[in-house]
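Undergrad: Could you have a look at this structure, given as structure tokens, before my questions?
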Amino acid sequence: MERQNTAERRQGAREEGRPVAVRLQNVTKRFGDFTAVEDLSLDIHEGEFFSLLGPSGCGKTTTLRMIAGFEEPTEGEVVVAGRSMRGVPPYRRPVNTVFQSYALFPHLDVFENVAFGLRRAGVPKGEISRRVGEACALVKLSGFERRKPSRLSGGQQQRVALARALVNRPKVLLLDEPLGALDLKLRKQMQLELKNLQHEVGITFIYVTHDQEEALTMSDRIAVMNEGRVQQVADPATLYELPANRFVADFIGQTNILEGTVEAVEGERAVIRTAGGLRLEAVAPNGFRPAVGEAVEAAVRPEKLRVGEAGDNVVAAEVAEVVYLGSSTQYILRAPDGGRLVAHRQNDREAAALRPGEAVSVAWDARHCLILGGKRG
């Protein structure tokens, strides 16, 4: 679709000329007969906050471990700061890593844990005090500098590990779900602070997470992975609004998947008829043009559905379930063909409450109904 092609050209123009911090070239990692990562190629640029996002077992942590040097690729090349990392041990790579395990020194207090790398590097004492103080303030540990890890909660221990990695100002910081032990409020606050810090110091962050909201909040770009392969690489808005395939559409937020057969095609628009006889208009992104008679899937986000309003596509439905979510209400709707539709309505205005069993119409615009094409990476 032209709007996606235009968006990707603009993104490419922004990236062009920026030095590459980490390059993965046709990287494959096998453990015996199991392929954890398959033919992965990525360019991650200097100063970029880049996330590897996917479900458990998709290969994202294995990818991070290959960049860090804890795993060697079976095939392909890992390049950091223009230098091949083949045979380079972890401690000689210009990266620091924060994994889910804290790995703190139990006999050292918070200050000394954070300062450990600086002391080994011969940083002057005054500079150590200043930088450790800044790092502790960043992760909300000011006043905890003289506590031992045994006197800290799990979340506080994770923040010490994060501060210790940041204080050395590496060229690339690798993070494997470092905020997982924090409570929800602090986690959201730390997301913004991590992003702000990354902008301030210019360090490339490569962040592994299964949390879609976390990735969307912090990332400049995201690589969505599944079964060892990259499904799509894009900025957060493009991933959400223009998913490349069904997996990305399903994994990034909620979506309604409509299956049908193409009846007509005109430009980027197509008419789809579902198995239940619904006739719907949709658009084909990525330059993909379905053929008449072709079986396709289309995706439309719940917030794009309007209950009781007009639109390109209007479907009679029955309210099956109502879920109050605070800022919005979620409606589970039963379509005439027996399919299920999910709609979200913002609770920002007075509106008649709908009840289960009530007959309603639900509408959405064709431009918000995307025919899902082939895989993109």
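Cβ atoms here come from the backbone N, Cα and C positions, even for glycine.
Pulled these features from Swiss-Prot for this protein:
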BINDING   GLY54, PRO55, SER56, GLY57, CYS58, GLY59, LYS60, THR61  ATP binding site
DOMAIN    22-252  domain 'ABC transporter'
Undergrad: Going by DSSP, give the three-state secondary structure for CYS58 (ATP binding site).
TA: coil
Undergrad: Quick one: among the binding-site residues GLY54, GLY57, GLY59, which has the most Cβ atoms sitting within 10 Å of its own Cβ?
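TA: Most Cβ neighbours within 10 Å: GLY54.
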Undergrad: Rank the binding-site residues SER56, THR61 by how many other Cβ atoms lie within 10 Å of each Cβ and give me the one with the fewest.
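TA: Each of the binding-site residues SER56, THR61 was scored by Cβ atoms within 10 Å; lowest is SER56.
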Undergrad: Return the residues near CYS58 (ATP binding site), defined as same-chain residues 6+ apart in sequence whose C-beta is under 8 angstroms from its C-beta, sorted by sequence, else 'none'.
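TA: For CYS58 (ATP binding site), the qualifying residues are MET225, ASN226, GLU227, GLY228.
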Undergrad: Average the per-residue pLDDT over the domain 'ABC transporter' (22-252) and send me the rounded value.
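TA: It averages 93.
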Undergrad: Just to confirm: which same-chain residues, 6+ apart in sequence, have a Cβ under 8 Å from the Cβ of LYS60 (ATP binding site)?
TA: LEU52, LEU53, GLY54, VAL208, MET225
Undergrad: Taking the Cβ of PRO55 (ATP binding site) as the reference point, list residues of the same chain whose Cβ is under 8 angstroms away and which are at least six residues distant in sequence.
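TA: Non-local contacts for PRO55 (ATP binding site): HIS210, ASN226, PHE251.
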Undergrad: For ATP, what surrounds GLY54, PRO55, SER56, GLY57, CYS58, GLY59, LYS60, THR61 with a Cβ no more than 8 Å from their Cβ centroid?
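TA: Going along the sequence, the neighbours come out as HIS210, MET225, ASN226.
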